[in-house]
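Notes follow once the structure below has been shown.
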């Protein structure tokens with residue numbers, strides 16, 4: 001007998017047979033224990049005996065009427081239900097997940113004071129934990145009991161990392177949903193909406209290159225694979241692909257927050273129905289998966305691991321939303337030309353060309369996803385795998401035809417419609433060129449005919465996504481502060497501090513005995529001279545000039561003048577020569593060009609040119625000046641005046657004639 005905070009349960013409770021219990025406190029203060037076994041479903045309401053949907057499989061329904069008054073306004077006929085999702089019946093260490101779902105009641109259902117649903121809202125199941133209190137207000141209370149199969153452990157995440165996003169998400173450290181090779185999935189809560197979500201925490205130290213490596217640096221290859229998944233999911237936004245709300249990563253860990261799937265995976269969904277789905281039910285699921293692959297392949301993404309475990313169910317009732325999850329093997333195939341060469345996937349669902357890629361070196365395309373989808377849909381319709389995992393998938397088209405012939409003799413395959421068989425043959429083909437694409441599969445007669453059923457399925461698919469919303473932010477992947485790296489640097493710095501040498505002293509040091517003293521340079525030179533009997537030391541060193549080489553420049557203005565700046569000796573290597581004049585000049589070539597243009601017009605300009613040449617000869621290698629080009633506008637203006645203005649010589653001759661005329665007139 002299990003003793004819990006709820007008190008003693010019924011003596012009929014068996015931990016091997018039962019997975020939980022619900023204790024009802026009635027209006028009069030009495031208590032009634034209802035035990036929950038594998039596959040049981042509890043329906044609580046005013047008149048829960050009338051079920052609006054058909055029940056199938058091993059699911060056992062137990063109606064629990066809780067209202068004395070049949071017209072009680074606070075309780076609906078079907079108010080809420082309790083059901084379980086069991087991922088592995090054979091493994092007792094895998095604890096079943098038990099959910100509470102409001103059945104669109106008028107008054108709502110409350111868990112721990114939180115309204116989890118009522119009419120007009122999306123039907124979202126709430127994952128129950130031991131000790132939760134379910135209320136139908138104002139008078140009805142239920143306490144949930146579920147024994148824990150494992151002792152609570154420490155959360156894998158770094159407390160400093162979790163503190164960075166605690167205002168957005170809260171991780172329930174004592175509620176583990178599953179464990180994998182590198183990470184652990186915990187139950188979490190969105191702080192803003194109080195909605196339950198899943199948080200996968202990956203510890204990079206678990207994927208280190210060496211098993212004995214205790215550093216936080218993980219294998220680069222494995223770390224890239226883990227980060228590639230969140231980068232791909234951050235690009236995707238579709239109602240039939242798992243919604244990654246946000247992902248945080250640091251140098252030690254990675255935290256991925258996704259929607260919770262209260263319906264389990266496709267395997268548990270089939271087990272809950274105790275066998276294959278009906279043709280109509282399977283078409284609803286297949287249509288959603290085809291829509292997901294159509295969108296995925298349009299983005300250039302290939303999943304490469306489609307199987308029932310990676311297909312999640314968001315609602316357990318007929319017409320529930322289905323999503324594609326686990327993108328750990330997914331890749332953007334566009335940079336590779338659409339072809340891939342890695343052998344990835346799960347036996348029984350892997351395409352033949354993928355299984356043989358290592359020997360053929362031909363590669364494969366997104367058609368491999370269509371083969372895996374066909375194998376998953378075949379499981380939906382028949383509850384049998386087309387290729388048992390022990391046999392693998394190294395089969396040819398002829399072998400697949402023989403396999404189909406054998407399978408069609410099975411009773412489960414004989415119940416399939418002709419359209420369903422043709423649909424599966426077009427997907428499960430050994431030649432990838434013969435397979436349908438996602439767009440072609442959506443137009444297949446199994447999906448589109450008969451028209452009345454196809455219209456009903458399409459309407460059902462539109463209804464199931466009416467509450468789905470696109471992700472409202474593009475900032476999905478967030479890097480956390482590098483706190484751990486700073487701590488390691490500080491720790492490393494402290495560990496590198498020098499330890500005093502006990503043998504050292506001012507008079508004696510152990511270094512004299514550990515390291516041989518090098519000979520002095522003087523002794524080396526003397527030994528070399530004694531061996532060569534020479535008075536000089538030979539060397540291969542090439543002397544380098546330490547004095548600056550100064551090149552003097554000179555310039556002339558329009559009058560042929562150039563300032564003189566004698567060089568006061570050579571400068572030493574450490575001194576800086578001042579090669580700048582305080583007066584602006586034009587270059588010698590410019591001055592010579594100006595002089596040539598004016599030589600024919602004026603003798604004065606010719607004299608200026610001659611003077612400039614003499615000055616240049618005298619001042620060669622003696623001046624250090626900086627010359628600046630003359631402004632083009634001033635040059636053009638001066639040229640115009642020189643051409644059109646009176647010449648100096650003509651002015652002098654005219655002046656002489658005037659003097660002679662004045663002298664003659666005065667003599668007369």
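The backbone N, Cα and C atoms fix where each Cβ goes, glycine too.
The Cβ of residue 200 (ATP binding site) has 24 neighbouring Cβ atoms from other residues within 10 Å, across all protein chains displayed. Annotated ATP binding site per TrEMBL: 200, in sequence order.
Feature annotation from TrEMBL assigns compositional bias 'Basic and acidic residues' to 649-662.
Sequence annotations record features per position, and here TrEMBL assigns domain 'FHA' to 42-116.
The domain 'Protein kinase' annotation in TrEMBL covers 171-447.
The region 'Disordered' feature in TrEMBL is assigned to 484-505 (among others).
Taken from TrEMBL, the feature region 'Disordered' applies to 610-668 (among others).
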Mean per-residue pLDDT in the domain 'FHA' (42-116) works out to 84
DSSP puts the residues of the domain 'FHA' (42-116) at 0 helix, 28 strand, 47 coil
